[in-house]
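Marked as Mg(2+) binding site by TrEMBL: SER58. What TrEMBL records for ASN278, LYS279, MET280, ASP281, ALA335 is GTP binding site.
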Amino acid sequence: MRGEIYRNMSLYKLSQCFLPDTSDARRRSREIDAMLKRDRRMPPVVITLEGSDRGGISTFLKQMRLINGKEYNHKEVLEFREVIYDNIIQGMGVLVQERKKLGIPLHNSTNEMHEMLFESLDWRVTLEPCTFQPYVEAIDSLWKDSGIQEAHRRRSNFKLYESVKYFFNNIHRIGQLNYLPYNQDILYACKVRENLGDHYFELRDSPFTVIKGSVMRYILPKLGKYLDIDTPIFYIIGSSDYDKIFCGDNCLIQSMNTFECLCNSKGLLNCPIILLFNKMDLLAEKIQTSDIRKHFPEFQGDPHRQEDVQEFLVQSFQKRKGNNSRNIFYHMTTAVDTENVRKVFESIKVDIITCILKDSQLL
């Protein structure tokens with residue numbers, strides 16, 4: 001029943017954009033609006049988020065929250081401040097350690113003393129502004145050193161949060177005693193154990209629930225309580241991960257393998273899939289120094305031209321779709337860019353509407 005009401009609501013309300021504007025359609029739309037307001041028990045439309053853990057799922061969820069007007073309260077902001085301090089300290093600690101492993105010399109010998117701060121750090125200490133401030137000068141000096149910069153350039157060989165560059169570049173602002181994170185800082189913050197449970201929000205008076213979990217083991221049982229099985233699936237891909245290795249496998253190939261399993265899951269054949277090729281900002285930066293052909297010899301085109309790399313990524317995932325006729329859409333995203341995510345989300349709504357119209361044989 002809920003699925004039928006939602007389908008009717010979508011068809012009639014959105015027909016004003018795609019079909020002739022009639023008084024009957026407007027009347028039916030008002031009737032459905034009134035019905036939804038009367039029935040407060042109406043379950044929300046469900047969207048599922050899938051993809052690699054490092055593809056940007058948590059950032060996308062934070063953006064959806066902010067775009068829909070739900071600001072973080074003071075307690076949450078303080079929690080993110082601690083996370084940001086931890087990201088910075090651990091990030092510099094990793095770069096110091098890896099610089100030595102790679103045998104990269106420091107340009108400034110005085111930075112050897114600064115490196116000792118991170119080698120002797122007690123990671124159990126909870127950082128506050130007053131305890132973090134003594135590290136600011138050392139972080140700033142190390143980040144400007146060509147030796148640390150070179151280690152950062154080779155980060156595909158070890159695990160490092162991509163967000164540390166943003167934090168290092170803003171270290172003097174973050175290091176102030178009265179520092180409270182901006183929304184942009186929060187988007188870059190990486191929690192080790194992020195709570196990616198169900199998220200409820202409203203968009204233009206329409207309720208949505210976003211859930212995240214493993215498709216094969218968790219998604220189908222979760223969707224059961226929402227009655228409909230044709231929920232849109234957002235599959236988020238870390239586009240800049242083409243040169244990263246995790247647990248012995250290429251991260252992008254791991255993402256393709258999971259996507260292939262998703263496409264061939266019989267229980268999800270009616271679900272439209274929206275591919276979000278995320279981290280476009282990092283991809284634009286990485287293709288200038290990391291040749292995709294070293295990891296994907298089949299690549300044809302200019303490895304330093306972003307459009308060529310994007311086309312290759314789209315084609316690579318399309319090949320994994322197989323012969324099934326499911327609806328698949330794709331968008332290029334930068335999850336830390338609020339305006340970009342806002343525009344992409346508007347475009348995604350059109351994708352979902354198109355699926356509804358096709359299913360109803362109106363398109």
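Glycine is no exception: its Cβ is also placed from the backbone N, Cα and C atoms.
Heads up, TrEMBL stuff is auto-annotated, nobody curated it.
Note that the coordinates shown come from a computational prediction; the quantities given were computed from them, not determined experimentally.
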Give me the CA-CA distance between MET280 (GTP binding site) and SER58 (Mg(2+) binding site), in Å, as a whole number.
16
Alpha-carbon distance [SER58 (Mg(2+) binding site); ASP281 (GTP binding site)] in Å:
17
How big is the gap, in Å, between the Cα of ALA335 (GTP binding site) and that of SER58 (Mg(2+) binding site), rounded to a whole number?
9
Integer Cα-Cα distance in angstrom, LYS279 (GTP binding site) to SER58 (Mg(2+) binding site):
13
Indicate the candidate from MET280, ALA335 with the smallest number of other Cβ atoms within 10 Å of its Cβ, considering only these binding-site residues.
MET280
Alpha-carbon spacing, ASN278 (GTP binding site) to the residue listed as 'Mg(2+) binding site', which is rounded to whole Å:
12
What's the longest C-alpha separation between any two of ASN278, LYS279, MET280, ASP281, ALA335, the listed GTP-binding residues, in angstrom?
9
